[in-house]
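Following: one structure in structure tokens, then a few remarks.
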Amino acid sequence: MPTPSMEDYLERIYKLIDEKGYARVSDIAEGLEVHPSSVTKMIQKLDKDEYLIYEKYRGLVLTSKGKKVGKRLVDRHQLLEEFLGLIGVQQEHIYKDVEGIEHHLSWDSITRIETLVEYFRRDEARLQTLYDIHHEMVSDS
């Protein structure tokens, strides 16, 4: 299993390749707000662990293992953003909150959250009830 730091890199690399068709060290560094030398070290580690194939000056390619993990991490992030938005977390807090919790939840918890999101999607009245309860609780305090 990748470490939380490895997950951040794999998630970013997967998104870059999905969006642009490639992932450069400079793009990864910019997206993660780290120094390019840190990216190079992590890419070498991810290469060693067979998540990607890296050739200096030629770029990198995700392996099937890297693609599978990368997609799963991107999907997890999107699910958590959707969940927090669904339950009414203010938009300006969602990204930072997801970054703070995504590595601390088990995959079982992620699956349960996915089920809960689907539960609310299937019936808008359920979501309205949630909002009503929240409003009551906030009004009472």
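Cβ atoms are placed via backbone N, Cα and C, with glycine included.
Remember, predicted model here, so these are calculated numbers, not experimental data.
Pulled from TrEMBL, these are the features on record:
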- 1-63: domain 'HTH dtxR-type' (DOMAIN)
- ASP8, GLU99, GLU102, HIS103: Mn(2+) 1 binding site (BINDING)
- GLU11, HIS77, GLU99, GLU102: Mn(2+) 2 binding site (BINDING)
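Positions of TrEMBL features highlighted on the structure.
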{"residue": "ASP8", "record": "Mn(2+) 1 binding site", "contacts (Cβ under 8 Å, 6+ apart)": "LEU32"}
{"residue": "GLU11", "record": "Mn(2+) 2 binding site", "contacts (Cβ under 8 Å, 6+ apart)": "GLY70, LEU73, VAL74, HIS77"}
{"residue": "GLU99", "record": "Mn(2+) 1 binding site", "contacts (Cβ under 8 Å, 6+ apart)": "none"}
{"residue": "GLU102", "record": "Mn(2+) 1 binding site", "contacts (Cβ under 8 Å, 6+ apart)": "GLU7, ARG76, HIS77, LEU80"}
{"residue": "HIS103", "record": "Mn(2+) 1 binding site", "contacts (Cβ under 8 Å, 6+ apart)": "PRO4, GLU7"}
Problem - Helix, strand and coil totals (DSSP H, G, I; E, B; other) for the domain 'HTH dtxR-type' (1-63) - result: 38 helix, 8 strand, 17 coil
Exercise for the section: According to DSSP, folded down to helix, strand and coil, what is HIS103 (Mn(2+) 1 binding site)? Expected result: helix
Problem - Mn(2+) 1 site shell beyond ASP8, GLU99, GLU102, HIS103, criterion: Cβ within 8 Å of Cβ centroid - result: PRO4, GLU7, GLU11, HIS77, VAL98, GLY100, ILE101
